[in-house]
Structures are given as structure tokens and as C-alpha cells.
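Participant: Here's a structure for you.
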């Protein structure tokens, strides 16, 4: 029975890692366009900076000296995500259209490093277990919820324009499946800081899919417009 439980936990975590990869790869078409144009055009680098900070905080939560026993599959997915975001940020800085934009992104990146370093230091210096896991868990949960809530503006745009152009189907599907996998992983581990934000992610992902199903027919009937600016 214990073995079945371990296998179930591992399977849910691995599934979450696989679906997360689809999310990490989703900006690739955007950066293919950036590299081809040798310009960031009107793209915004802030989402990649926020994703990097989120991945770093969640990676820290998954490490054994923070979470009791460690959360290996949380650490692996967020470590991978951090590398992807660093690659995207590096390309953004390299192809930035102006020195001002480049300096702004680098300045925000340094600020993120400082915020993460302070969070990590505070968790080690001022907290022992289980208070350390509670502190970092609260920070990571707030970060995750803010990331999952970020598509709300896009959902509002879809409702206003009755157009799904700016809400790619596979991105919404990957978000839903990843959240569902990690919600199950968190429930099996009885880890509130993992399952709560991912349950919210499941709800928001399902809402995106329902909106896509409802408005995609109208959008296709009205004729497709140009490719979305942001992936």
C-alpha cells in the first residue's frame, strides 16, 4: 500500500513536470520572431522576469532544508523553468531595441536577485523547522497564485472582443493539466502550499478552456486575424 502511494505521488509529480515543459516552451515562437527580426519590437520582458522569480521561490521551497523531506519534483520543475526564463531574458536583453530597455530589464533582474536572496537568507537565518517551511510556503503560494491569476486580463479581453486570438488553446490546456497534476501531487503529500494554488490554477485553466470552446466558433466564423503578438 505504501508502495502504491509512493508510485502515485511520483506519477502525479512527473506528469506535472511534463505538462510544465509545454508552458516553458510556449514562448519559443515569440523568440524565434525576435531573433529573426533582431528586435524585441513591442514585446514585454516583464512576464519572463516574474516567471523567473516565481520559479526561484518555488525551487527554494522544494529543497530538503526548507520542506520537510524535500519536494524533489517541485524543485526539478522550477529549476528547469528558471533556466528557460533566464534564456528568454538573455535573448530579450541582447535584442532589446534601446539601451534604456536593456538597462531597465537588467535593473529589474538585479532587483529580483536581491528579493530572492533576502527571502532565502531570512528563511535560513530567522526560522527553524517547521516555521521555515511555513514562511517559504506562504511566499511561494502567493507567487504561484499571482502567476495563475495573470491570464484574467486576457480572459476579459476574450469576453470583450469575442476573439480567442490572444489566448492560445494549447497554452490554456497545458496550464490546466499541469495544475491538475500538481494539485493531485500536493493532495497526496498533504501539502497545503502545493495543492491550494494549483487547485486555483485548475479552476482558472478550466475557465480558459470553456471560454475558448465558446468563443472559438465565433472567432473562426468571423475569420481569423493576425497572429498574436505575445505567446
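Backbone N, Cα and C atoms are what each Cβ position is placed from, and that goes for glycine too.
Quantities reported herein were computed from a predicted structural model and do not represent experimental measurements.
According to TrEMBL, the record shows the following:
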type     : residues : note
TRANSMEM : 6-25     : transmembrane segment
TRANSMEM : 46-63    : transmembrane segment
TRANSMEM : 75-96    : transmembrane segment
TRANSMEM : 108-127  : transmembrane segment
TRANSMEM : 133-157  : transmembrane segment
TRANSMEM : 169-188  : transmembrane segment
TRANSMEM : 194-215  : transmembrane segment
Participant: Applying the under-8 angstroms CB criterion, which one of 46-63, 75-96, 108-127, 133-157, 169-188 scores highest with the transmembrane segment (6-25)?
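Facilitator: Looking at each of 46-63, 75-96, 108-127, 133-157, 169-188 in turn, the most contacts to the transmembrane segment (6-25) are made by 169-188.
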Participant: Let me spell it out: take the transmembrane segment (194-215), skip the flanking residues so only those 6+ beyond its ends count, and list any with a Cβ under 8 Å from a Cβ in it.
Facilitator: 71, 74, 141, 144-145, 148-149, 151-152, 155, 158-159, 162-164, 167, 169, 172-173, 175-180, 182-187
Participant: Pairs of Cβ atoms less than 8 Å apart decide it: which stretch in 75-96, 108-127, 133-157, 169-188 has the most with the transmembrane segment (46-63)?
Facilitator: 75-96
